[in-house]
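In what follows, a single structure is set out as structure tokens and then discussed.
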Amino acid sequence: MADQRSKTNRWNWEVSGFEPRKSSSNASFAESTGHRTTGPLLRRNSISTPSLPPKQAIASKVNGLKEKVKLAKEDYLELRQEATDLQEYSNAKLDRVTRYLGVLAEKSRKLDQFVLETEARISPLINEKKRLFNDLLTAKGNIKVFCRARPLFEDEGPSVIEFPGDCTICVNTSDDTLSNPKKDFEFDRVYGPHVGQAALFSDVQPFVQSALDGSNVSILSYGQTNAGKTYTMEGSNHDRGLYARCFEELFDLANSDSTSTSRFSFSLSVFEIYNEQIRDLLSETQSNLPNINMDLHESVIELGQEKVDNPLEFLGVLKSAFLNRGNYKSKFNVTHLIVSIHIYYSNTITGENIYSKLSLVDLAGSEGLIMENDSGDHVTDLLHVMNSISALGDVLSSLTSGKDSIPYDNSILTRVLADSLGGSSKTLMIVNICPSVQTLSETISCLNYAARARNTVPSLGNRDTIKKWRDVASDARKELLEKERENQNLKQEVVGLKKALKDANDQCVLLYSEVQRAWKVSFTLQSDLKSENIMLVDKHRLEKEQNSQLRNQIAQFLQLDQEQKLQMQQQDSAIQNLQAKITDLESQVSEAVRSDTTRTGDALQSQDIFSPIPKAVEGTTDSSSVTKKLEEELKKRDALIERLHEENEKLFDRLTERSMAVSTQVLSPSLRASPNIQPANVNRGEGYSAEAVALPSTPNKNNGAITLVKSGTDLVKTTPAGEYLTAALNDFDPEEYEGLAAIADGANKLLMLVLAAVIKAGASREHEILAEIRDSVFSFIRKMEPRRVMDTMLVSRVRILYIRSLLARSPELQTIRVSPVECFLEKPNTGRSKSTSRGSSPGRSPVRYLDTQIHGFKVNIKAERRNKLASVVSRMRGLEQDAGRQQVTGVKLREMQDEAKSFAIGNKALAALFVHTPAGELQRQIRLWLAENFEFLSVTSDDVSGGNGGQLELLSTAIMDGWMAGLGAAVPPHTDALGQLLSEYAKRVYTSQMQHMKDIAGTLAAEEAEDAGQVSKLRSALESVDHKRRKILQQMKSDAALLNLEEGSSPIPNPSTAAEDSRLASLISLDGILKQVKEITRQASVHVLSKSKKKALLESLDELTERMPSLLDIDHPCAQREIATAHQLVETIPEQEDTNILEQSHDRRPSLESISSGETDVSQWNVLQFNTGSSAPFIIKCGGNNNSELVIKADARVQEPKGGEIVRVVPRPSVLVNMSLEEMKQMFVQLPEALSLLALARTADGTRARYSRLYKTLAMKVPSLKDLVSELE
């Protein structure tokens, strides 16, 4: 059955119903065809048999093959040379780019050096500014006293305080014994109850600036209980106190003064003093905080300090410290709370490291009265508070009076604040008082205490002293302004240098992207050259095989040659006998005509356009018998021609039905809703007519239906028929023929063979064979056009085959509307003919294919009356019954056919009509137009059998044949109209393809990637689209047969893809960054890291962050998110000393649980087979899990049957570094036996080497572990 099916499906040259014409050439062709069907499939020469001797033809064929092999070798060597030149050119380009990058790097280094030098010049100015500001504050006084009164509550009675000025406060003592019961106090600043926290802080800010400049500053909140001390320091939720405002000011000033070489850092310590004992409020909850030592002369106390990087962290730490104090409010009144902000400044240029401290002190209540009912503990607490506050007053008094000995040791409070009270330190005391008359005595006591500290300051009542200090302050301000101006200029210069550095970095990024693009182009060209080289090698191999086949066939051809000669001799004799019979018949007919002419006086003309032999009038019995014989012979010959036409029409109908099937599927939803489509047009039996059909305007781009007949570099299926036709068309040489008649005969035979091959291929394979012989057919037609020897009707049929094949595969071409046939026909002297019912239908709105006006073809037919004798003869022959009918003669039909041919030459609109309308439908429309416009040719019930219907058929056939012949005629310097239409349709398809690629690339370029997987998908998708676009461009450049390229330039505009290329370069850079982040995350997947390792990982993440400017803005979030996640992961891993990590690494062994309980979820397994020389090879399946670990699946034991597979995570080769051989064997027990057999050796070193090679071999088969393999290497 298989042999029978192969015989039935074998391709052969037989055409059903086709018999060759009875001539010498056709006879030989028929005989050769008969031999070909019975014998094996042989390759025929395109040269006709009588043209050259057989031996000479075979020798020429062999020589031609040798020349082709030689040309193929030369092409191969040229391609190799081009590849070498391209490689050298790429290397030279890369060298130039590398040198240019070096120059840019040198410029960047110089800019960095210049920035450092500029900052080195700015640093002294900044220090001088700080010194001047500190001198200004010193000139105003190192110790300042502010007074603040809180608002009066409702139940506290009247107020006893007045505010006569900004520096004076007046207290009504209500002492009638005194002449002036009011007592005045002067301070540096006095704040009434209406003053808020912001106004108070505006005067405190210079002390904060001094602390940042390097001076120790202490701010003391002093006063009686419930006077507002704690509110001044802490504030409320909506009006913050000095704690939060001081740190925010420090943070903002540090940010504005920090540079690339200088940096500020802050840490916080919070403690309280109760009964002369220090209690750390931070170390109670966090034991791992770094400590700071406080030297208290007699002892050293360690306090915990926590680093804070922003105001939110500061408030959080401060809140946790306050929570540690507890809820004993009575205890708060006898406790001193101290919040110390430690300020660290470092400069890498000058090597300067500065430490300063800002102490914010909330002192205990100052009432100091001991009641009789107070307990012993409370009395002790009050005594300690009075002692510490008194000692603080003594220290301030000694400092302001200039004494040599300062009593710091009298209290733990003064010892703690010793470094912030004397020398160049700045001290601010804020006295908080209550305006109520109930607390008058405590208020006066607080004011006296504060006045004692302030009155020791040099008196401001001396005008000379005031003038002196004002002059000093004025000079200091002027100098400070000059320094600030110079500092501002230098900062502007630094900004300009940073901008220049940024421009240089941008140039580096652009150049880097260009280098990547050059690498990509070079890689693409190399891959293309490699593929072309492989194709040439395959072609060379095929040529060798064909050459060997031809040599084997030479012997068979020699045997067939003798047989063909004998057959030709027999055919020649038969032809001569037939020609003799025809001559006798013609002489008999001539005698009969002459005898009839003598009787009637007028000769009759023939009405057959295909036969040159006239028909005799039925006069005698002999002439009628001769006429019948001639008619039988002519009918046989015409039947053969009609069969070939019918086969061609069936082929055209199949192509049209296929294209209509595709378009009907697209149109099915819209046919019901369209009111302009008439049912008569939809239900016609033969496809669609030339009338306008509402097709969709745009195809579905997602389906990718835009294809050409041949797709560039796509491999086309080959068939024996296609190979034979390709060779015959390519090898056809007109120079080998003698005379134009021989050339025309050979060329037309080849075109007929093309049509016959497509017919035999059938509807399922007609597109394949058309694509296979496409280049050869178009080259053959282009080569033969200048000689004007081809049958233009055959050329038209071949062109229509290819255009309809293109229409069937291109939905956007099916939307083209063509003009109806009425636009191409008109009656003489009347302009346009009356339109048919189809043309005048109100629902029809045709859209013309061309914008220019279509000139119609004038059908010149006039009604004439015959003479009486002709009418009698016609009645005798039974041809006509009406003497008024039009006499359509052969001459008239030939003239009309010639005029139709001239009209069709170069007419692209008519070509579009032929392409989009089936031939049978088009001829039917022409017959209908003729019947409607020439009434004397109309068919009635009386003359159906008389032949009038035959006249309409003859006229429509003559017009159709003339148009078909004219459409295939070339118009120098252009090709024929159908060829021009094919070129234009191909350009439309290419334009749609390029725009489709542009739209897809634009959509992908605008899509934002969320993670590494989407980045990889986007990159591969953009690279795929770019590769397809380049393939389309290459196909356009090489497809000269369709596009008719001039001087190698592309006729299709190439849309700009700069944005898509930039996004692709950005995705490539982003992919590299994400791979490095993934590698860092993998290295950080441990429990403990060494300090050096952790520092190296963090530096690597910082370097990746610096590479982010090379990415587009759309890719920044993804990179920032991945880097931030990795940075947070590394930061959370505990660190140890390098020595501890090394000791642990020596003791580290892979646990059995880590091997058996690791993650074994693998998406895809890769199978490897190891042949060890035994009967059964080892089969191991390998894959990768989400942790980038190698996972294998194999039989637990080699000798066990299938089904006992186990899955294990394979440890890395580095695990075996410090293992002994026995320990390795124990580890391999948990792994499949095949792995241990392949890896174990006699020694430990040999086992490590074999295991490392085996691990690399397995990992190379897993795509996700290729980076791991490169790391191991």
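Glycine residues also receive a Cβ, built from the backbone N, Cα and C atoms like all the rest.
Going by Swiss-Prot, these are the annotated features:
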type     : residues                                                       : note
BINDING  : Gly223, Gln224, Thr225, Asn226, Ala227, Gly228, Lys229, Thr230 : ATP binding site
COILED   : 59-89                                                          : coiled coil
COILED   : 466-511                                                        : coiled coil
COILED   : 559-595                                                        : coiled coil
COILED   : 627-657                                                        : coiled coil
COMPBIAS : 830-846                                                        : compositional bias 'Low complexity'
DOMAIN   : 142-456                                                        : domain 'Kinesin motor'
REGION   : 1-52                                                           : region 'Disordered'
REGION   : 827-847                                                        : region 'Disordered'
REGION   : 1136-1157                                                      : region 'Disordered'
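Asn226 (ATP binding site) is surrounded by 19 other CB atoms, counting those within 10 A of its CB over all protein chains shown. Other than Gly223, Gln224, Thr225, Asn226, Ala227, Gly228, Lys229, Thr230, the residues of this chain whose Cβ falls within 8 Å of the Cβ centroid of the ATP site are, in sequence order, Arg150, Gly365, Asn432, Cys434. Under the DSSP three-state reduction, Gly223 (ATP binding site) is assigned to strand. Shown in sequence order, Arg150, Asn432, Ile433, Cys434, Thr439, Cys446 are the residues of the chain, 6+ apart in sequence, with a C-beta less than 8 angstroms from the C-beta of Ala227 (ATP binding site).
Look at the Cβ of each of the binding-site residues Gly223, Gly228 and count the other Cβ atoms within 10 Å; the largest number goes with Gly223. All chains included, 27 other C-beta atoms sit within 10 angstroms of the C-beta of Lys229 (ATP binding site). DSSP gives Gly228 (ATP binding site) a coil state; it is part of no helix or strand. Cβ packing within 10 Å was compared across the binding-site residues Gln224, Thr230, and the lowest neighbour count falls to Thr230. Around Thr225 (ATP binding site), the same-chain residues six or more apart in sequence whose CB sits under 8 Å from its CB are Asn333, Gly365, Glu367, listed in sequence order. The average pLDDT computed for the coiled coil (627-657) is 58.
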